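Feature annotations, reproduced from Swiss-Prot:
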{"type": "REGION", "residues": "1-304", "note": "region 'COX15/CtaA'"}
{"type": "TRANSMEM", "residues": "10-30", "note": "transmembrane segment"}
{"type": "TRANSMEM", "residues": "99-119", "note": "transmembrane segment"}
{"type": "TRANSMEM", "residues": "167-187", "note": "transmembrane segment"}
{"type": "TRANSMEM", "residues": "220-240", "note": "transmembrane segment"}
{"type": "TRANSMEM", "residues": "252-272", "note": "transmembrane segment"}
{"type": "TRANSMEM", "residues": "338-357", "note": "transmembrane segment"}
{"type": "REGION", "residues": "339-606", "note": "region 'Protoheme IX prenyltransferase'"}
{"type": "TRANSMEM", "residues": "411-431", "note": "transmembrane segment"}
{"type": "TRANSMEM", "residues": "432-452", "note": "transmembrane segment"}
{"type": "TRANSMEM", "residues": "488-508", "note": "transmembrane segment"}
{"type": "TRANSMEM", "residues": "530-550", "note": "transmembrane segment"}
{"type": "TRANSMEM", "residues": "555-575", "note": "transmembrane segment"}
{"type": "TRANSMEM", "residues": "584-604", "note": "transmembrane segment"}
Amino acid sequence: MKTPAWSRLAGYAWGVLLWNVLVALFGAYVRATGSGAGCGAHWPTCNGEVIPRAPQVETLIEFTHRATSGLAFLSVLALFLWALRAFPKGHPARFGAGLALFFMVTESLVGASLVLFGWTADNVSRERAVVQMVHLANTYFLLAALALTAWWASGGGPLRLRGQGAVGLALFLGLLALLFLGMSGAVTALGDLLFPVGSTLEALERSLTPGEHFLVRLRVLHPLIAVSVGLYVVFAGYLVAHLRPSPLTRRLAQGLAYLYGAQLLAGLINVALKAPVWMQILHLLLAYAVWLLFVFLATSALERGAKRVELGEGGEAVHRGTGGATWRDYLALTKPRVISLLLFTALFGALIAAKGWPGLGVFLAVALGGYMMAGAANAINMVVDRDIDARMKRTAKRPTVTQRVSSRDALLFAFALAVLGFAVLWWGANLLAATLALMGLIWYVLVYTLYLKRRTWHNIVIGGAAGAFPPLVGWAAVTGELSLFAWYLFALIFFWTPVHFWALALMIQDDYRAVGVPMLPVVLGERATVIQIALYALLTALISLMPLLLGELGLLYLAASLLLNALLLLKSLALYRRPERRTAVSLYKYSMLYLALLFAAMAVDRAV
C-alpha cells in the first residue's frame, strides 16, 4: 500500500532524475565550449583552490559544473538513504536507489579521469574518445537507475525478467542499440568540437579521405547508425506494444516513435547548422528523453502480471509448441519460396550496380544477410498471423499453426536472424545496405502485417513497398549510395507488386473472405480487381522503359523489355476478359518470371 512518505519520496526521486539530466546537459555545454580544462589538471580542487579566485570564463563554467555535480551526488546519496528507510527489504526502489548511487560514484570517477589525465580542451587522443564514450554510457545507466527508482517509488511493480522470450530480447537489443548510438554520438560531437568544418559537403569529403584523423572519419557513420537504430527502436516499440497490450505500453511506443522522429530532425538541423552549442544541447536532451522513454517502455512491458499476447487467448499452453521441431520447421518459418524472388532482385540489384561481378564477398553478404533479414520478417509475420493462418488452407500447415514451433521460439529465431543478417550486411558490405534491409523488414512487419493487412484493401499497394527494398540493398552493397537508377528499381517492383499479389488474391479470395482480411477482391469484387491489375500492369510496363530514356540501358534490354511487357499486358487483358482462376494463375506465375527476366536483362545489358 502506498503511504504519504512513499509519495513524497517518489516526488523527490523524479526531481533527482530531472536534476541529473540538467547536470549532464551542462556537462555537454562544458565540452562544447572547450571549458573542460578551466580548472587545469586539478581535481577535486580547481587550479589548486577550493574556490577559484579571479577566474576566467572557462574556469567559471567548469567550476559551476563541478558544483552542480556535487549537489547531484548528494541528492542521489540522500535518495539512497531515504529509500533504505522508507521501503521494506526487497522493495525494488531500494535496489534502484543503490544502483543509482553506484553509477553516480563511477560517473564522478570517469569525470575526474578526464581532468587528471588531460583528456579535455584540445586533446585529440584515442583515449579521450574512449573515455568520452564510457562517460556517456555511464550517464545513460545513471539516468536509467534513477528513472527506475522513481517508477518503483511511484507504485510500479517489480520486473519479471525470466521467460520473456522475444520481448525480452527485443527490449535488450533496443537498449543496447540506443547505448551504442549514444556512444557514437559522443564521439561525433567530439569530432565536431576538435575538427570543425565549413559545410556538410566538406565534412563528408574529409570523412572519406584516407589518412584523416579517426574522429573525422567516424563522423559520417553516426547519421546512418541513427537511422538504423531509430528503425529498430520504433519497430521494437510497436512490436512490444502488440505483444504486451496495455494502454501504457501503447502510449509509450507511440510517444517513442514521435520522439525519435523529433530526434532525427534535430540531428539533421544540427548537421545543417554545423553543430552550434545550443543545438548540440537540444540534440542531447532528446537523446536522453528517447533513452528514458525506452526504459519506461521496457519496465512497463516486463512488469509481473503484464498480459502476454504471444501466448494466445487460451493461456500459456496454447502456443507453447509440441516439441520435436526440426531444422525444416525453422526453415519453413522463413518462407524460402517467397524469399527466392526477393533474393533474386537483391542479388541482381548488386550485379546491375556493379555492371558485372560485384565480388564474392559482397555477393555472399547480400545473399546470406538478405535471406536472414527477409526470413526474420516472415517468421514474425507467421507469429502475428497464426490465428488467421489456421483458418486458411494455404497456410494451415505452417509451423506456428501446427505448434511444432512455439510463438516464443519463433520470435527468438526471428530476432536472431535479424541481428545476424544486419551484422552480415554491415560487415560484408556496408551500413547503408544493412539499414535498407532493416527498413524493408520493419515496413513488412509494422506497416503491412500489424497495421494495414487487416484494415484496408490498400494493404498491398502501400505495404507491398517492403518487397521493393531488396534491389536497394544490393545496389547499396556495391556502391555505398543510392542513385536515381536504384530508386527506379524500387519503383518498378512497387508498381509490379499489385499485379502479382492481386492475381494471387483472386485465386484464394474465399480464404481471405472467411478470415475477414480485406483484400481487394473481397472488398470491391473481381471486376474492380482485374481493372486495377490491368492499370498497374500498364504502369509497370511504362516504368520499365524509363531507364532507356535516361540512357542507362541499351538495345538488348529494349528487346527483352518489349517482349516481356507485351506478354504481361496480354495476360492482364486475358484476365480482364475472363476473370477466372485459370487466367489468374497464369498471370500470377508469369508475373514472377517477368520480374526475374527483366532484372536479368538489365544485368546482362549493363555488363556487356
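Positions of Cβ are set from backbone N, Cα and C atoms, glycine also.
Model, not experiment: these values are computed from the prediction.
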Legend entry - Two-stretch contact, the transmembrane segment (338-357) and the transmembrane segment (99-119), at least three Cβ pairs under 8 Å: no
Legend entry - Candidate ranges 99-119, 220-240, 252-272, 488-508, 584-604 - greatest C-beta contact count to the transmembrane segment (432-452) (under 8 angstroms): 220-240
Inset, instruction - Rank 99-119, 411-431, 555-575, 584-604 by Cβ pairs under 8 Å to the transmembrane segment (167-187) and hand me the top one. - result: 411-431
Legend entry - Integer average pLDDT (0 to 100) for the region 'COX15/CtaA' (1-304): 87
